[in-house]
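Report on one structure; see the data block that follows.
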Amino acid sequence: MPHDPSFTPTQLAARAAYLLRGNDLGTMTTAAPLLYPHMWSWDAAFVAIGLAPLSVERAVVELDTLLSAQWRNGMIPHIVFANGVDGYFPGPARWATATLADNAPRNRLTSGITQPPVHAIAVQRILEHARTRGRSTRAVAEAFLDRRWGDLMRWHRWLAECRDRNERGRITLYHGWESGMDNSPRWDSAYANVVPGKLPEYQRADNVIITDPSQRPSDGEYDRYLWLLEEMKAVRYDDERLPSVMSFQVEDVFFSAIFSVACQVLAEIGEDYKRPHADVKDLYLWAERFRAGVVETTDQRTGAARDFDVLAEKWLVTETAAQFAPLLCGGLPHDRERALLKLLEGPRFCGHPDLKYGLIPSTSPVSRDFRPREYWRGPVWPVLTWLFSWCFARRGWAERARLLRQEGLRQASDGSFAEYYEPFTGEPLGSMQQSWTAAAVLDWLG
């Protein structure tokens, strides 16, 4: 029999815990040791989920560090820069938020954009683990909730009020990086309308670390990414002025579904821990508004969700994992939801005959936009597998959740904890020793 190189669950959990300790800077965990040597917002939430079974206290520190960098307007920035650490571009000097943005924190260097709001899920997982521990651990988790409830509410209120000004139930993004799915085909047509002016010179860091160009965005794409920063800097990151200057403005259906779920989760926490009634009421209202906003985007026949280009005033139809946003938050009529599940489990996605594992590729293998090695244009992301599995379990789809967890662990059993994986061969790609991949494994293994 051929030798099976995979690790047992016990070995895998030990390696994942060791990885998180290795990436720990003391009060923050780097997203990855080389490519991402700082704290990323949604990475930090997933890291806290992975830390919770190991140490509720350390998981609380992770979220405390992130929230200490929250902007005065309520935004949680997508990067909190580690002090004295270089090696990532664009760094704090390029963002210049400390000198330009009135709302930026004075004690931390951050980026000037945001990322998906998965943090309430992390808070819930921390509280769930704390309930199984001793009194002192429960006290740590509950003290965190007391200390940070107002900050979590400001975060959700900023998204609901500043990024959904017309109350359509969909979050507007001003940069593809805000979606977390940086170079997804979802944004191709919106980026095509971004025409860079004269950019200050720059030297990328990502393609020095990941030398295979098929795994990373092109230089032309990077020019557009950086031009959007210049547009933001020109108005000093002012929420009121961004809509009048940004050449990238899209309503992100996947971000909006996550926000709906997060509002629902935070409302339930608020009820359980007797937070102000007005806060809980707002959270339930936002959960419903964004659930309805997601459903409004869906195809009448298949249930597939679409993004919306605000400037071009058109729907963005692409075959990516974001199509399945309504499966996260619910709200679809029964027949449409059944059709969407059939699409997910059929040959265009998880049921494609050539997939190494029955997992959700970031872009459909039958799409003309599919590139099996390139970032969000095809590879399978363990963190996305975790998110769908967790949401499916929450919705009562125990068998679907179990299958995703089972296949996710099979994929991760090589022990590389890669950022993403080639969908046909299972080859680990992108950054190795990725913290949120280790975190997903730790949560799955309990």
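Quick reminder: no glycine exception, Cβ is built from N, Cα and C everywhere.
The active site, proton donor annotation in Swiss-Prot covers D182. On its own chain, D182 (active site, proton donor) has G176, P217, Y225, Y375, W376 as residues at least 6 apart in sequence with a Cβ closer than 8 Å to its own Cβ.
Per Swiss-Prot, active site, proton acceptor is recorded for E419, and the stated evidence type is a curator's inference. Using a 10 Å radius centred on the Cβ of E419 (active site, proton acceptor) and all shown protein chains, the other Cβ atoms total 26.
Residues or ranges marked as substrate binding site in Swiss-Prot: Y36, W40, S41, W42, D43, Y88, Q115, G180, R216, Y375, W376, Q434. In three-state terms derived from DSSP, D43 (substrate binding site) belongs to a helical segment. Taking a C-beta cut-off of under 8 angstroms and a sequence separation of 6 or more, D43 (substrate binding site) has the following same-chain neighbours: A31, Y36, S435, W436.
S41 (substrate binding site) sits 16 Å from E419 (active site, proton acceptor), taking the C-alpha atoms as the reference points.
Mapped onto three states, the DSSP output places W376 (substrate binding site) in coil.
Across the structure, R216 (substrate binding site) and E419 (active site, proton acceptor) are spaced 12 Å apart at their Cα atoms. Of the listed binding-site residues, namely S41, Q115, the sparsest Cβ surroundings within 10 Å are found at Q115. The full span of the recorded substrate binding residues, Y36, W40, S41, W42, D43, Y88, Q115, G180, R216, Y375, W376, Q434, taken as their largest Cα to Cα distance, is 21 Å.
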